[in-house]
Amino acid sequence: MPPLEDTIAALATPAGISALAILRASGPDTRRIAEAILGRTPLPRRIQRVDYRDRAGHILDEVLCVFFPQPRSYTGEDLLEISTHGNPFIAQRVLQDLFARGCRPAGPGEFTQRAFLNGRLDLSQAEAVMDLIHAQSDRALAAANHQLRGSLGRHVQRIIDRVVRVLAQVEAYIDFPDEDLPSSNRDTLAAELEMARHEAEQLIATQRYGNLIRDGIKTVIVGAPNVGKSSLLNRLVGRERALVSAEPGTTRDFIEERIAVGEHCIRLVDTAGLNVSPAPLEALGIHKSLEQLADADLVLAIVDLSDPEPSLPPELAKRLDPKNTLLVANKIDLCAGKCVLDTVDQWFGMVFCSAKIGVGLDDLFGAIGRWADQWQITVGQDVIAVNARHSHALALALEALDAALDKLRSGDAAELLASDLRSALLALGDIAGRVDNERVLDELFATFCIGK
């Protein structure tokens, strides 16, 4: 883990020409460096304009400086932010001057890591910073903001408090080995642990929603050749992304694009049509299509209404899960006769549209949004969306709570019961980072960008 006694500096904005560039410095020498740059004692949390001079006295730029004294800064340390004009050459000259004044280059995520180590953020809030940076939809943004403001930490702390209350009573009996926990006490403690267990299960149930909003809803477009899959992709994306031809088998490989549908991010995947007797190259495309289908969150199964008997290929239909399949009846403008399908009731929903002229797209967007909305679970007033790390820790806590409940009900020794409760607390503590695990922390913050 990087030493906290160093003063670090980095560019906090992306490299490249822009209106502004922002540099950060944080650590014990920050106040001294700020005084040298400003030529006076820095005013806390006030924007101060100054000609930035390097150590040789050369003016590099007219900049704006803001000094945040500890502990009320992002990192919990003295922190300086410098805004320069967005010329990469100027930003690099200022950064090199900060290094010459005693700063060292910050590692990836080191500013946020210091915020965590100095108690400004818990680990789940630090992860929310990364979620906020990468959010690609309103739902992802909302969930990240809730987590950044401590929503997940509060709910986990509520579970921890319940377990601690039970553990305190159990350990009181360990000090008096001649006495057993009375059955009435065991019932009360079991009820408390059942509540803790229920709350942990509620949080775990939000992981599916968390995956969807963080990664985007992988929506795979499937169907027979020439039913309009690529035309639909192009229409949804708003440009000619996929090649469209009257010749079957034009799409040989899958194509992926991201679009916003309401408050959701959708990862659209166009696939090769499922042909009965494909050519060798086309067969390879079909194999890739089936791989994408197996990994889909949502499937848009396309049927062609210009066909007198519109239907899905049997080989495709048997692979579809009705709960995540939306039937899309395309080419409504060319409907040849039968415009109601016998199998419509078995799917999540059905939409009529024309990819060619753009009819029915609002209905399609609405259906996709409704499918995604069903996964959102609010816990109290909070939007919670746990990630895989949180879910794993909660699962370990559940396992320990179940073991504790079994021992509590069977009248096992208080020492054994206390051991399970401590295991549950250890797992729950991992979520907020209250358990010291240096390797885990280093790996997590290494995924952040430099300057954050």
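Cβ atoms here come from the backbone N, Cα and C positions, even for glycine.
Just so it is clear, the model here is predicted, and its values are computed rather than measured.
Here is what Swiss-Prot records for this protein:
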type    : residues                     : note
BINDING : Arg24, Glu81, Arg120, Lys452 : (6S)-5-formyl-5,6,7,8-tetrahydrofolate binding site
BINDING : 226-231, 245-251, 270-273    : GTP binding site
BINDING : Ser230, Thr251               : Mg(2+) binding site
DOMAIN  : 216-373                      : domain 'TrmE-type G'
Query raised in the report: For the binding-site residues Asn226, Ser230, which one has its C-beta crowded by the most other C-beta atoms within 10 angstroms?
Result: Ser230
Query raised in the report: Out of Arg24, Arg120, Lys229, which of the binding-site residues is least crowded by other Cβ atoms within 10 Å?
Result: Arg120
Query - binding-site residues compared (Glu81, Ala272) - highest count of Cβ atoms within 10 Å - result: Ala272
Query raised in the report: Roughly how many angstrom lie between the C-alpha atoms of Arg24 ((6S)-5-formyl-5,6,7,8-tetrahydrofolate binding site) and Ser230 (Mg(2+) binding site)?
Result: 47
Requested in this report: With H, G and I counted as helix, E and B as strand and the rest as coil, say where DSSP puts Arg24 ((6S)-5-formyl-5,6,7,8-tetrahydrofolate binding site).
Outcome: strand
Report task. For Ala272 (GTP binding site), find which of the binding-site residues Glu81, Arg120, Ser230 come within 10 Å, Cα to Cα. Result -> Ser230
Query raised in the report: Reported as an integer number of Å, what is the Cα distance between Lys229 (GTP binding site) and Arg120 ((6S)-5-formyl-5,6,7,8-tetrahydrofolate binding site)?
Result: 49
Requested in this report: Tell me whether Asn226 (GTP binding site) sits in a helix, a strand or coil according to DSSP.
Outcome: coil
